[in-house]
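Here is what TrEMBL says about this protein:
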type: BINDING; residues: A:L15, A:G16, A:A17, A:G18, A:T19, A:V20, A:G21, A:S22; note: NADP(+) binding site
type: BINDING; residues: A:K110; note: NADPH binding site
type: BINDING; residues: A:E195; note: L-homoserine binding site
type: ACT_SITE; residues: A:K210; note: active site, proton donor
type: DOMAIN; residues: A:354-439; note: domain 'ACT'
Protein chains: 2
Amino acid sequence: MAAVTNETPIRVGLLGAGTVGSQTARLIVEQRDELAARVGRPVELAAVACLDPKETERFPWIDPAIVTTDTMQVATHSDIVVELIGGTTAARTFVMAAIESGASVVTANKALLAKYGPEIYAAAEAKGVDIYFEAAVGGAIPFLRPLRESLVGDCVTSMLGIVNGTTNYILDEMTTKGLDFDEVLKDAQAKGYAEADPTGDIEGHDAANKAAIMATLGFHTPVSIDDVTVEGITRITADDIAAATAEHKVIKLLAVVENGEAGVSARVYPALLPDTHPLAAVHGSFNAVFVKAEAADDLMFYGRGAGGAPTASAVVGDVVTVARHIAAGTTGPSIPLYKNLPLAPASASRAAFAVRFLIHDKPGVLAAVAGEFARHGVSINAVNGDLKPSATQPGYDGEIQQLRIVTHPTDEETLRATVDAVRGLDAVTGEPSILRVID
Amino acid sequence: MAAVTNETPIRVGLLGAGTVGSQTARLIVEQRDELAARVGRPVELAAVACLDPKETERFPWIDPAIVTTDTMQVATHSDIVVELIGGTTAARTFVMAAIESGASVVTANKALLAKYGPEIYAAAEAKGVDIYFEAAVGGAIPFLRPLRESLVGDCVTSMLGIVNGTTNYILDEMTTKGLDFDEVLKDAQAKGYAEADPTGDIEGHDAANKAAIMATLGFHTPVSIDDVTVEGITRITADDIAAATAEHKVIKLLAVVENGEAGVSARVYPALLPDTHPLAAVHGSFNAVFVKAEAADDLMFYGRGAGGAPTASAVVGDVVTVARHIAAGTTGPSIPLYKNLPLAPASASRAAFAVRFLIHDKPGVLAAVAGEFARHGVSINAVNGDLKPSATQPGYDGEIQQLRIVTHPTDEETLRATVDAVRGLDAVTGEPSILRVID
């Protein structure tokens, strides 16, 4: 075996050549001289694993001679393996095999890390290789690296993220155009901003994967996708948005991770934010993460959460960092999970809530609804029955009114029990929407 | 000399124990266990250099036994030197001596780096030590590190920064309260948000230091404070703000660095931004930097630009990174200035401008002003003479009107020549305000 010199290329093996993979290949090939200057050794795109090599013919910067269908071969014969195939089963196999072979790994796979992150981090640490995944949360936004490396002398107490561009686009369109959810979703699908099966986005599961990763890294504690409570945006109506606007608020789907006295929590839910909050200015498909830390106070990181070139920018940033470590014979900081904080019980989650019910407007209905709130000990901050129901409202029969109740802070379990009790009332119909109120 | 083990402390020498220094000391002492876990070796606050050791008695976490007036001794007998004394003369001497002694350096000193950065970076690289300075631009915001390390596979084309909290606070107060500059400045001084001598902030010099650092790092090209063109905010009036608000715009003092066809530029000027721009939502004393990169597209980094604890968070993040490098026997990426791009000439700076003149409202004045614009070839996009002058306007004599002209894009030299010509007209009085228009 030849000795390693400053001329010896660091060999990058790419698993997957889709939207992000092809752009990652382009940056590595086109920025070749730049990368070599920054790393101190050449960084070479040595192999591209792709189930259908014909797919790569569209990309003139990918040399057909390095394309193969043998993913395992690439995973186990590279200095750096870039995993961009997605999913959790095959990806896990290839990533673990890569680490076992002594390769460092760069991945954008949020589902993989939300499910198997701690196992993968531990394997990388045991083997003395790097695992970097900037693109897994917030796409192009350099956010996880600062969290891992810049805030290490500080203590992060909470993070609020707009980490799903599809839902942010939908809520933004509902806000600016006054349209209902279903209309905007159809339009977003037509324009390619939402997938044919949008469930993973609109039900919050994509954001939940990111919440698990954010909590794990922010609190040095393993938090899995199974620990994340999730609510999506499908019950939000144009009337909810109009009510928010009237109160100078906006509705955003947030991934919220907190480190409180009762332990750590990771949740995804739609929330009402004041329109002066920095996250309120995050429009369209942009992402942003708002961080609170003890010493640094408020921070926010903003940028494109998806897209081939933006995500590839983050991937290649990781590749350069890992390549520098390889050239120097070292690794970056491991993902330290030494704190092992407890998970907070659901009853520890306190907030003010805005609940919108659909009611048949007959005598006594307000007394009955308010009675359920009183019986559960939930204090009402504001009530508004003036909103006109939109005719597209599911269950609308021409007599239905909306009743919107904003509570004082209460715990989530009690709030849900109260809402269930109200739904059991004769005069109440349809699905209520529940929004958390964030100050 | 004893062998270095995992128990051997990495010795931090702190130069300066003021607002940031005292908080840096607190984090290093209070987070001792955390830092040791992250670094793999203890990180010890070994010495604090302070001209008046009595000053440190207020800080119970600083052991009086490690406080000394001998700054040079601390600078040359530490593993990591944290320079927080400010200024460019003594600080340069101590930083260069520290590097020469083999210490790595962490500093928050923007003036030092804007003046002597390339010399210091080269000395650190030659000696094989680290120089980190996250806190020098944007205080607590982890922004320079991502620029240095996460965006290395990308190409930054421009950055717009709100990097001076005092001026952002003043402009914000003028906007929300409708007050004139002088009134808000006095109030800000009374509240401690502006210094007794606010010149460095309000004339843009503080922001100019940061612009020089941003351009140097972003474009891999030495840009010094002497290369930065600077305009402050002292000529902006409540009427300018009112005109901006009426157009759904905000006025912000920006540090703008660009890498264009004519070369790189670094400027500080007040500008009109659409109120939907992410930077428009940066209020009070917060800072933010908006980055455009070829692959990543738009990014923004937001947080506290000053203050003891926030700035110390960034300093300690750097200390941990440098300590990890020392423990691993390596260094971080050097500050690469290999591109040496040319500086763009002033004539290459094209923008639309909003100029507000004070005029004696008599027949023919508009024709005369418009004539000067025509003579210089500057095309007028909009003109507005309806604004009422405020009675506090300097030079107000009861007959003066404001005339506000928004141009189509033109180069700055021509615009300034036009404005000078207009000021030479009999009917024109007082100081015009000049704002760039950013889309």
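The count begins at 1 with the first shown residue.
Glycine is no exception: its Cβ is also placed from the backbone N, Cα and C atoms.
Same-chain neighbours of the NADP(+) site beyond A:L15, A:G16, A:A17, A:G18, A:T19, A:V20, A:G21, A:S22, judged by a C-beta within 8 angstroms of the site's C-beta center, are, in sequence order, A:L14, A:Q23, A:T24, A:A25, A:C50, A:L84, A:I85.
Per DSSP, the secondary structure of the domain 'ACT' (A:354-439) breaks down as 23 helix, 32 strand, 31 coil. Spatially, by CA atoms, the binding-site residues A:G18, A:G21, A:S22 include one closest to A:E195 (L-homoserine binding site), and that is A:G18. In the three-state DSSP assignment, the secondary structure recorded for A:A17 (NADP(+) binding site) is coil. Inclusion criterion for the binding-site residues A:L15, A:G18, A:T19, A:V20, A:S22, A:K110: a C-alpha placed within 10 angstroms of the C-alpha of the residue listed as 'active site, proton donor'; this criterion is met by A:K110. The CA atom of A:V20 (NADP(+) binding site) is located 14 Å away from the CA atom of A:K110 (NADPH binding site). The 10 Å shell around the Cβ of A:G18 (NADP(+) binding site) contains 14 further Cβ atoms across the protein chains shown. For the domain 'ACT' (A:354-439), the predicted model reports an average pLDDT of 86. Note on the residue listed as 'NADPH binding site': other Cβ atoms within 10 Å of its Cβ, all shown chains, come to 25. Around the Cβ of A:G16 (NADP(+) binding site), a 10 Å sphere holds 24 further Cβ atoms from the protein chains shown. Here A:K110 (NADPH binding site) is positioned 15 angstrom away from A:L15 (NADP(+) binding site), judged by their C-alpha atoms. In sequence order, A:L14, A:L15, A:V48, A:C50, A:V82, A:L84 are the residues near A:G21 (NADP(+) binding site), counting only same-chain partners six or more apart with C-beta under 8 A. Secondary structure at A:K210 (active site, proton donor), as computed by DSSP, is helix.
Its Cβ taken as reference, A:L15 (NADP(+) binding site) is surrounded by 28 other Cβ atoms within 10 Å in the chains shown.
The Cβ neighbour count for A:T19 (NADP(+) binding site), using a 10 Å radius and every protein chain shown, is 15.
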